[in-house]
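Look at TrEMBL and you will find 40-61, 73-97, 171-194, 224-241, 261-281, 288-306, 312-334, 355-378, 398-422 tagged as transmembrane segment.
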Amino acid sequence: QVDAFYASIILFAGRVWDAITDPMVGFFISKTSWTRFGRLMPWIMFSTPFAIISYFLIWFVPDISTGQVMWYLVFYCAFQTLVTCFHVPYSALTMFISREQSERDSATAYRMTVEVLGTVLGTAIQGQIVGKVDTPCIGSPFFFGLSNSSVAMEELNMTHDTESLTDTRNAYMIAAGVIGGLYVLCALILVLGVKERRESSELQSDEPVSFFQGLKLVMNHGPYIKLIAGFLFTSLAFMLLEGNFALFCTYTLGFRNEFQNILLAIMLSATLTIPFWQWFLTRFGKKTAVYVGISSAIPFLIAVVVLDSNLFVTYVVAVAAGISVAAAFLLPWSMLPDVIDDFKLQHPSSHGHEAIFFSFYVFFTKFTAGVSLGISTLSLDFAGYQTRGCSQPGQVNFTLKMLVSAVPVGLILLSLLLFKLYPIDEEKRRKNKKALQDLR
């Protein structure tokens with residue numbers, strides 16, 4: 001029941017704070033001394049319990065008349081910070097478990113497969129628990145002949161919300177508890193099952209430099225900037241598709257009761273095809289896999305808008321989109337260790353910057369989520385979107401078509417042009433591998 005304006009402020013402030021904490025965590029990790037648990041694992045171990053508490057409190061409704069905005073702002077920012085303390089070292093672990101490029105690629109494939117599977121599981125848990133609470137759609141306010149449509153919507157919202165508010169609050173807290181339990185279980189498996197190897201990331205001739213010198217070196221490394229730029233637009237394309245697909249299915253295609261199953265089809269398709277893309281990049285190279293994998297979504301994104309509403313076609317498009325989502329999940333993360341190896345060859349006297357590379361990569365993932373949220377919200381609001389309406393104006397349907405088809409296709413084409421500039425192909429990878437072996 002927080003006002004929409006304050007809810008937007010909370011989300012915006014949380015994203016800004018998140019942008020600050022990603023490089024900060026990367027800085028502190030780069031300064032962390034090695035312990036008997038490693039350099040990264042202590043961050044994961046100590047952030048987990050506090051992350052669970054802050055996550056649960058995001059979904060808790062405090063019994064206070066004032067201060068709710070501050071409550072959610074504090075715990076939303078706290079949760080973003082604690083997830084960063086988990087995700088940055090977790091992502092950087094790839095560089096600390098092996099020196100071999102093939103083993104790092106394999107580890108990345110396993111990691112991204114389970115991340116997509118986790119997304120499926122989280123979507124299913126949240127959707128099924130919260131979805132059982134009946135929140136019926138609201139008819140057009142013009143039906144009531146009221147000149148002030150916002151007053152009509154407010155009265156209807158109050159009627160429906162009063163009936164289901166308690167059940168909805170309980171459902172969100174139950175879902176938060178279940179997901180929090182999974183968080184703890186997976187963190188335990190990670191801590192007990194993975195061991196860092198200090199020698200995997202460091203060269204014998206390494207000499208440490210300051211963080212700010214390292215940051216300047218990292219951000220001036222051409223292959224890293226080109227990879228991040230391509231990754232940014234690819235992520236934004238798929239975030240826009242993901243964020244608006246439920247509304248597109250509900251209002252534009254008319255499949256109000258099917259969108260959860262369609263979303264599940266996308267994520268299951270992505271999970272099952274990551275091993276295929278791992279084989280493909282091993283056989284044909286990573287740049288070829290990027291071109292084929294990400295561009296394969298384009299004809300299907302066009303088809304779902306151009307063709308008449310058809311449930312079978314929609315499922316076919318969902319499966320095809322999942323195949324491209326798998327490539328978009330796997331390939332940029334698989335290419336990042338190659339960039340770090342290339343950096344080490346160019347700067348053999350500088351080490352300990354893996355966390356900086358990964359922290360900015362994590363930041364751009366979150367940044368694209370925030371940008372896509374802002375683009376979608378502003379576009380739909382400008383088009384006249386009615387919250388929880390049974391139907392939407394024609395401008396909203398047109399806007400949804402743009403957000404799930406035209407804009408993602410344009411962003412994908414732009415990202416492919418940027419990946420064309422990425423200089424590390426298979427021949428360059430082999431030369432780097434041999435040079436690193438000689439340097440060690």
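Placed from the backbone N, Cα and C atoms, the Cβ positions cover glycine too.
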Among the ranges 40-61, 355-378, 398-422, the one whose Cβ pairs under 8 Å to the transmembrane segment (171-194) are most numerous: 40-61
Leading contact stretch, 73-97, 224-241, 312-334, 355-378 vs the transmembrane segment (288-306) - CB distance under 8 Å: 312-334
Long-range neighbours of the transmembrane segment (312-334), counting only residues six or more past its ends (CB under 8 A): 91, 94, 105, 108-109, 111-112, 115-116, 227, 230-231, 234-235, 237-238, 241, 249, 253, 255, 258, 262-263, 265-271, 273-274, 276-278, 281, 286, 289-290, 292-294, 296-297, 300-301, 303-304, 361
Contact between the transmembrane segment (224-241) and the transmembrane segment (40-61) (at least 3 Cβ pairs under 8 Å, separation 6+): no
Stretch among 40-61, 261-281, 355-378, 398-422 sharing the most Cβ pairs under 8 Å with the transmembrane segment (73-97): 40-61
